[in-house]
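Enquirer: Before anything else, here's the structure in question.
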Amino acid sequence: MRTGKQYLESLNDGRVVWVGNEKIDNVATHPLTRDYAERVAQFYDLHHRPDLQDVLTFVDADGVRRSRQWQDPKDAAGLRVKRKYHETILREIAAGSYGRLPDAHNYTFTTYADDPEVWEKQSIGAEGRNLTQNIHNFLKLLREKDLNCPLNFVDPQTDRSSDAAQARSPNLRIVEKTDDGIIVNGVKAVGTGIAFGDYMHIGCLYRPGIPGEQVIFAAIPTNTPGVTVFCRESTVKNDPAEHPLASQGDELDSTTVFDNVFIPWEQVFHIGNPEHAKLYPQRIFDWVHYHILIRQVLRAELIVGLAILITEHIGTSKLPTVSARVAKLVAFHLAMQAHLIASEETGFHTKGGRYKPNPLIYDFGRAHFLQNQMSVMYELLDLAGRSSLMIPSEGQWDDSQSGQWFVKLNNGPKGNPRERVQIGRVIRDLYLTDWGGRQFMFENFNGTPLFAVFAATMTRDDMSAAGTYGKFASQVCGIEFGGAEPTAYAATADYAKALDKGLAPEPAAAESATS
């Protein structure tokens with residue numbers, strides 16, 4: 001298994017990365033990037049800790065010990081083992097503050113692995129090349145070398161006023177095909193952690209009007225000639241004492257420019273078919289979304305814990321009004337946990353033999369978090385009061401004259417004054433810093449914004465009058481409604497529906513998605 005040292009050494013490979021106004025010479029050592037690089041290194045090193053060996057690693061069929069990120073769950077019990085793996089990683093690294101560690105990034109490839117053949121059969125313009133084998137080969141490479149392959153799917157936010165605008169946009173597109181590969185030119189507008197990846201996973205999110213040359217699913221090394229990664233300004237803080245979370249690094253969102261970049265056919269998974277891409281805005285990220293829900297449950301748990309700590313330290317925890325408000329936070333956490341458990345218990349087996357959690361339940365669980373994150377943030381900040389804002393600096397606290405006043409200002413019925421400052425600093429990092437503000441924005445748009453979560457999830461079951469909900473209501477009303485005509489969901493390609501409910505496609509299910 002890869003070590004953190006090996007990972008850090010691999011980053012000094014000539015990749016072209018900007019962070020704000022600075023061009024980064026070495027991602028592993030530059031002050032704007034080194035802290036998060038250390039967090040990814042920590043991810044790898046956790047797998048070598050003897051006390052975590054049984055939780056984070058397994059021995060595969062060939063007798064090789066590997067990270068559990070590569071273990072495929074075969075039943076609900078196996079899925080719970082994977083959940084424990086992800087939870088442990090998240091708890092150990094900045095309390096679940098980073099949504100794009102390697103185990104999350106690499107999860108997208110599970111969707112390919114569940115049914116790789118259709119990515120080749122649905123391609124247009126690949127001239128019979130064995131793209132299915134490309135998928136198998138790249139999955140093997142990821143697993144054998146423990147690589148980190150961030151997602152680079154989001155296209156520029158340019159003219160959204162008409163479908164025709166897609167063709168005029170600077171979206172990444174194929175500009176030439178050769179016997180050896182494709183040449184692409186253009187932009188991917190938002191990717192998280194791209195600067196820290198070994199490879200980047202290129203894909204697209206379908207929009208009406210997208211031309212076939214913009215439909216590209218592939219993987220390339222981050223240091224590929226012609227690739228430049230432009231990261232936003234870093235929000236990392238330099239003082240671990242003052243900023244216990246924000247000092248641990250910024251995973252950095254970025255825009256990637258591809259200037260006539262060559263991609264060998266061996267690294268291409270699918271090209272050319274908007275109708276195929278139309279089926280995957282959510283499905284390609286299914287396992288990532290499950291990981292998101294695990295992290296959101298952990299974040300909800302942290303919010304409850306911080307509320308309990310600060311109200312006990314202040315001395316307000318026994319007040320009925322305060323207790324009732326903390327109870328709301330507990331209810332939020334338990335509701336999130338219920339979505340997670342229910343998705344696991346109502347899962348199904350995919351064509352590839354994996355036991356997959358129920359997408360409708362975990363996606364609506366993600367929506368529940370987004371609907372409530374503003375209100376739970378407000379509750380925590382209000383319960384904390386000035387304790388999350390009026391925090392003495394280390395210099396003020398240690399000063400021989402002023403320090404005594406800050407001890408008195410932070411004294412309470414439980415704990416010591418210094419502990420209240422520590423609690424306040426964590427709350428401040430989460431919600432009252434630019435680092436925390438970026439976290440909030442990431443949650444809003446990570447795995448699609450709220451309206452898109454609802455819209456996309458509603459296309460993954462028959463929500464028409466002929467569907468389960470409609471049939472029951474029709475029965476109660478004593479009517480027959482909507483049963484004759486085929487529904488939109490029924491017309492969806494079987495191979496896509498198999499990712500929603502575990503349907504077993506017939507041999508002909510890999511026919512064109514347009515037929």
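Glycine residues also receive a Cβ, built from the backbone N, Cα and C atoms like all the rest.
Okay, these came from Swiss-Prot:
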type	residues	note
BINDING	Arg100, Leu101, Pro102, Asp103, Ala104, Gly203, Cys204	substrate binding site
BINDING	Leu151, Asn152, Phe153, Gln157, Thr158, Asp159, Arg160, Thr192, Thr457, Met458, Thr459, Arg460	FAD binding site
Enquirer: Reduced to three states, what secondary structure does DSSP give Thr457 (FAD binding site)?
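Expert: Once the DSSP labels are grouped into three classes, Thr457 (FAD binding site) ends up as helix.
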Enquirer: Enumerate same-chain residues with a sequence separation of six or more from Asp103 (substrate binding site) and a Cβ-Cβ distance below 8 A; give 'none' if the list is empty.
Expert: Phe43, Ser67, Gln69, Tyr85, His86, Ile89, His291
Enquirer: Around Pro102 (substrate binding site), which residues of its chain at least 6 apart sit with Cβ under 8 Å of its Cβ?
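Expert: Pro102 (substrate binding site) has long-range Cβ partners Val40, Phe43, Tyr44, Gln69, Asp146, Leu147, Asn148, Cys149.
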Enquirer: What is the Cβ neighbour count of Thr158 (FAD binding site) at a 10 Å cut-off, with all protein chains included?
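Expert: I count 14 other Cβ atoms within 10 Å of it.
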Enquirer: May I ask for the distance between Leu101 (substrate binding site) and Thr158 (FAD binding site), taken between their Cα atoms and rounded to an integer number of Å?
Expert: 29
Enquirer: To the nearest whole angstrom, state the Cα distance for the pair Arg100 (substrate binding site) and Leu151 (FAD binding site).
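Expert: About 9 Å separate the Cα atoms of these two residues.
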Enquirer: Determine the most Cβ-crowded residue among the binding-site residues Leu101, Ala104, Leu151, Cys204, using a 10 Å radius around each Cβ and all protein chains in the structure.
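Expert: Of Leu101, Ala104, Leu151, Cys204, the one with the most crowded Cβ is Ala104.
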Enquirer: Using all protein chains in view, find how many other C-beta atoms are within 10 Å of the C-beta of Gly203 (substrate binding site).
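Expert: Its Cβ shell of radius 10 Å holds 24 other Cβ atoms.
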Enquirer: Measuring Cα to Cα, how far is Phe153 (FAD binding site) from Gly203 (substrate binding site) in Å?
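Expert: Each residue's Cα considered, Phe153 (FAD binding site) and Gly203 (substrate binding site) end up 5 Å apart.
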Enquirer: Let me check the 10 A CB neighbour count of Phe153 (FAD binding site). How many other CB atoms are there?
Expert: 20
Enquirer: Three-state secondary structure of Pro102 (substrate binding site) from DSSP?
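Expert: DSSP assigns Pro102 (substrate binding site) to helix.
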Enquirer: Per DSSP, Cys204 (substrate binding site) is which: helix, strand or coil?
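Expert: In the DSSP reduction, Cys204 (substrate binding site) maps to coil.
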